[in-house]
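S.K.: Below is a structure I'd like to ask you about.
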Amino acid sequence: MTETKGTGMMTDTSEWRSHHEAAILPALGRPQRLLVRGEGVRVWDEAGREYVDLLAGIAVNALGHAHSAVVGALTDQASTLGHISNFFASPPQIALAERVLALAQAPSGSSVYFSNSGAEANEAALKITRRTGRSKIVAVEGSFHGRTMGALALTAKAAYREPFDPGVPGVVHVPFGDEAALRAAVDADTAAVVLEPIQGESGVRRHPAGYMRAAREATDAVGALLVLDEVQTGIGRTGSWFAFQQSEIGEGITPDVVTLAKGLGGGMPIGATLTFGERITQLLQPGQHGSTFSGNPLATAVGLAVLTTVQEQELLAHAADLGARARSALAALPQITEVTGAGLLIGMELRDGNAKAVADAALEAGWIVNPVTPTRLRLAPPLIITDDQLLGFADALPGIIASAAHSGAGAEGAA
Ligand SMILES: *Cc1c(COP(=O)(O)O)cnc(C)c1O
């Protein structure tokens, strides 16, 4: 039986495509399928085909699709108090801020600014850095920090930035993994170093040992801030609440500012900017920042439900444990030359390249994966994924790669 709920008569592929093309900004690129329903780790398209979702809306749906905790929190809050503006406070806004600060083990005097996306969380971080009286920012090649003008200036990829020049000035990108270059770039004019603890969009890449500590030392030496973008790595994705809390990733440092978004809302749009300690918290003065939707009761109520569920179901330990087993299963495949990441954020380098063709073949076989670079796949499944579902993909991957090689699909290259 074809599932058509919410899509009217659009059961025919060419029909939804033509409606999409006529109505949606083409800048977003060509969507792969029209999805109409999700449940747990699975989603269904308009033709009733089922997929195991190993990407979770890009590391967003921590609890999968249509989780009862999310649905319950959202419907309860929507029927209680939906939106109020920053002229008022609401219980879920305050409770979520307190919970996030506790999970971050942030010192007293720390605070949270809520927004609606990762880019916005980074915009708030940028404004905080400007209040140091300096404007130079050091970021890293390969980094992704979002697409709004300020966040875009931090984002390394020239193809994203250059069509919109002149951008926000003052950002210097240093080569990935080069500690000496990082130390040399941080000087008395530097307001901040901005880093992802693990780079997501460049293919799930970890900095070399000593790099995070070097970033902390270099910023401390000149009175600059260290901003960690945990938009993708935060909220259990890597097996801990924040990636920086794992000693082999964060190397024991305490950041000045941390940004969050993706996993925090379990699908509800929300971002958060955390200021660590009184001195950083006081940088933005009353009236200097805001957003109509900041701390929106619907988004914060769902965020609370996500955190509670991750905790109650012990999903951090599950992500760490299953992620490690999945990485070793994938690393054992001769078709894979390198497996990277932590917890359930996984990157893998394909021996024969052409990640786009493999992702297309995977989709045909009922698996959603992401060709994050032309030669690498990324997995970021819901944290609730079972052993069978994720390890089943490792079993299926050799066949998928073989069918990609035969079909010649994806010859146009990575999108
Ligand atoms: C996705 C992402 C962003 C941007 O988040 P949006 O919600 O798309 O604006 C910023 N930083 C990192 C590390 C991300 O992965």
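Even glycines carry a Cβ here, placed using N, Cα and C.
According to TrEMBL, the protein has these features:
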type	residues	note
BINDING	Gly118, Ala119, Phe144, Asp229, Glu230, Val231, Gln232, Thr292	pyridoxal 5'-phosphate binding site
BINDING	Arg147, Ser291	N(2)-acetyl-L-ornithine binding site
MOD_RES	Lys262	N6-(pyridoxal phosphate)lysine
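Help me understand the surroundings of these features in the structure.
M.R.: Counting every protein chain shown, 31 other Cβ atoms lie within 10 Å of the Cβ of Glu230 (pyridoxal 5'-phosphate binding site).
The number of other CB atoms found within 10 A of the CB of Ser291 (N(2)-acetyl-L-ornithine binding site), across every protein chain shown, is 17.
Under 8 Å, Cβ to Cβ, and six or more positions away along its own chain, Lys262 (N6-(pyridoxal phosphate)lysine) finds Ile58, Ala59, Val60, Gly118, Val231, Gln232, Gly234, Ile235, Arg237. DSSP classifies Lys262 (N6-(pyridoxal phosphate)lysine) as helix under the three-state reduction.
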S.K.: If you count, for each of the binding-site residues Ala119, Val231, the other Cβ atoms lying within 10 Å of its Cβ, which residue has the minimum?
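M.R.: Taking Ala119, Val231 as the binding-site residues, the minimal 10 Å Cβ count falls on Ala119.
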S.K.: To the nearest whole angstrom, state the Cα distance for the pair Asp229 (pyridoxal 5'-phosphate binding site) and Ser291 (N(2)-acetyl-L-ornithine binding site).
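M.R.: Spelling it out, the Cα of Asp229 (pyridoxal 5'-phosphate binding site) and the Cα of Ser291 (N(2)-acetyl-L-ornithine binding site) are 20 Å apart.
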S.K.: Please give the greatest C-alpha separation between any two of the pyridoxal 5'-phosphate-binding residues Gly118, Ala119, Phe144, Asp229, Glu230, Val231, Gln232, Thr292, in angstrom, as a whole number.
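M.R.: This binding site's residues have a maximal Cα-Cα distance of 26 Å.
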S.K.: Rounded to an integer, what is the Cα-Cα distance in Å between Arg147 (N(2)-acetyl-L-ornithine binding site) and Glu230 (pyridoxal 5'-phosphate binding site)?
M.R.: 16
S.K.: Could you check which of the binding-site residues Phe144, Asp229, Glu230, Ser291, Thr292 have their CB within less than 6 A of ligand 1?
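M.R.: Cβ < 6 Å from ligand 1, in sequence order: Phe144, Asp229.
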